[in-house]
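Input: a single structure, listed below in structure tokens.
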Amino acid sequence: MERVLRVLEYEKMKKQLLEHVSSSLGRKKVEQLTPSTDFNKVKLWQAQTQEGANMLRLKGHVPLGGIFDIKPHLKRAKIGGLLHASELLEVASTIYGGRQLKKFIETMIEEEEADLPLLGEFARQIVPLTDLERAIKQCIDDNGHVLDSASPTLRTLRHQIRSFEANVRSKLEGITRSSNTAKMLSDAIVTIRNDRYVIPVKQEYRGAFGGIVHDQSASGATLFVEPQAVVEINNQLREAKAKEQREIERILSELSMQVSEHVDDLFVNVDVLAELDFIMARAHYGKAIRATQPILNNRGYLLIKQGRHPLIPDDEIVPIDIELGHSYSSLVITGPNTGGKTVTLKTIGLLTLMAQSGLHVPAEEESELAVFKHVFADIGDEQSIEQSLSTFSSHMTNIVDILGKVDHESLVLFDELGAGTDPTEGAALAIAILDDVYRRGARIVATTHYSELKGYAYNREGVMNASVEFDVETLSPTYRLLIGVPGRSNAFAISKRLGLEEKIIEQAKAHIDEDASQVESMIASLEQSQKSAESDWEEAEKALQEAEQLRLDLQKKLDDLEKEKERILAEAEQQAEQAVKDAKEEAEVIISELRDLQKQGVSVKEHQIIDAKKHLEEAAPKLTKQQKKVKRTAEKKREFKPGDEVKVLSFGQKGHIVEKVSEAEYQVQMGIMKMKVEASDLQLIDRPQPVETKPLATIRGSDHHVKPELDLRGERYEEAMLKVEKYLDDALLAGYASVSIIHGKGTGALRKGVKDLLKRHPHVKSARDGGANEGGLGNTVVELR
């Protein structure tokens, strides 16, 4: 397997993948990566990569910073070892990074931004460990330095150390600045030797300061002396620093103990973060090479659409289309050397290995790849040459090994099968090997430049010819794979283009037997036919795309027209509602003016009534379709008699017939107004049978009677409110000082609605619940003004 991974450049692909990891955890996972032969595992890996790609597509990034491989630290803490401050800081940073990633994934799931069942399960396994992180961060700063605030003792010791250091420096600087001692010093500085403060003294003044010599210069001319005056302070400083170190170790030991208490959770977190970093590296790499998730199968079927070798730059690669394992299980790619056949072979092999490693592949959507138990490749490489094997021996050694392992779950890639020996024998061997592997049910892709194998592909069921297109004009391969067309050597055409004399080419052709010449002509014809068919297909595809675009454009215009229609209808409806509102307000103003005249005892003249009617008619909105329908219904001939209660349809008001004026016109009393109304504008109102005799009031100037109470029981809320408004108007015109509105107790909704309406009514002086003998809470007594 190692050789296959090498010749198919799997390790080079992994180096590209390594560029996308975020931590040493992910790096280790990539370094350990090998293709899996377990179909279910490969499906799982692919699904994980797809979820990672979805997160990248939606968010653009995933927080994976600050994560370290802390397993060595955890193992040491578990056995009671002391962790250094920098190691504890890595533990805290990894806890924080894990918690941030957990929150990021779970937030996306909660907000339903993406369906992430696999990554969500990983996120759920991460233990937050906030208290442990906080404990470490309170003691250690971001540079790995233990803070003064880590303990009261440490704060005191550090204060003492700073005091001692300031004291000793002050004394030594006093010596260096003194004019009496300046000539004795090599330099006027204070420095440190053996963790003690010293000054540089010339050799000849060694005894001038007393104290201890800690070091000397390379020449011996300068001695680094700790003067006697600061020896005691330096001793105190050193002792304080020793105590400081012991206190730091105590703090680190305590924190290490806390880590050991959570070591199992931390191991889980590290494993989960390693997986998530690995998954996101695969997703990032897929994005970088414009890869897609392949469809997987375990039937040995390959369908690669516009597949690209990931190691070849985009501006140099020519995508390939290939199918294998359906109508044919062997593909023989023929043609001259250096024609791109090996690149095709490596692309098929590497994309298969990538898919079986959970990586998306650089190919178009709907590409399909099989999960093989074995992938074999006989492709020449430098290592075989270094082993001093001939080309033929190298190939044959590898082929013998392959034939000993190949089965129906294998993909076998042969490059230049049978090369390196006598062409006749080599071709015969190649055919025999292909037949043997085919009988075992393996999927085969083989390249060769032997003409004999072109005929082999035509004569065997389940075997297909293919070639890599070659441009004889530019004398270079186009690297386009042509399925169903065998390759030509193009030796004569190339030689002619390079300037070889025509007579030599003709002599060479004479040495080729007629059958071989006919085969070459047939292949040339096939190539031309295929090019023509592909050109026709491309034109048909273009026409189909143009037709589809036209359909989409027309659909958009239709949708736009529908939206415009809806907008116009909505605008018209809004205008109609406003017209009705304006008309109602105008009518209320006119009625209010007439009421005021009534209250003032002013006699309403006929011309005033006519003017009011005219204003009402002007205020009335244009009839809607529904109103027109009602009007047409009302236009049916009908007879009314004096006293009939009617509804005037154009005003929506009730009144009663005073007299018949003409064949199709009646005088109608509406409140204080009398007006002539066409019969078609009237609707008869059936009078209810009287239940009991109640005292009635008569509206002045009319024979319309108004009862002293209004019974709303059984009425719907909206209709009840309208009846209350009209009843109050009628009661005012009838001269009542107070009236009763019977609404019943029920749910209380009707009672509340009546109370609210009465509070807003300008002519209601007060309203109270009925007394014990007045119906109680089921009745409201209204005092009018």
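From the backbone N, Cα and C atoms, a Cβ is placed for every residue, glycine too.
Per Swiss-Prot, the features are:
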type: BINDING; residues: G335, P336, N337, T338, G339, G340, K341, T342; note: ATP binding site
type: DOMAIN; residues: 710-785; note: domain 'Smr'
type: REGION; residues: 764-785; note: region 'Disordered'
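Taking each of the binding-site residues G335, G340 in turn and counting other Cβ atoms within 10 Å of its Cβ gives the largest count for G335. Annotation for T342 (ATP binding site): same-chain Cβ neighbours under 8 Å, separated by at least 6 residues, are I379, D415, T447. Within the model, the domain 'Smr' (710-785) carries an average pLDDT of 85. For K341 (ATP binding site), the count of additional Cβ atoms within 10 Å of its Cβ stands at 27 [all protein chains shown].
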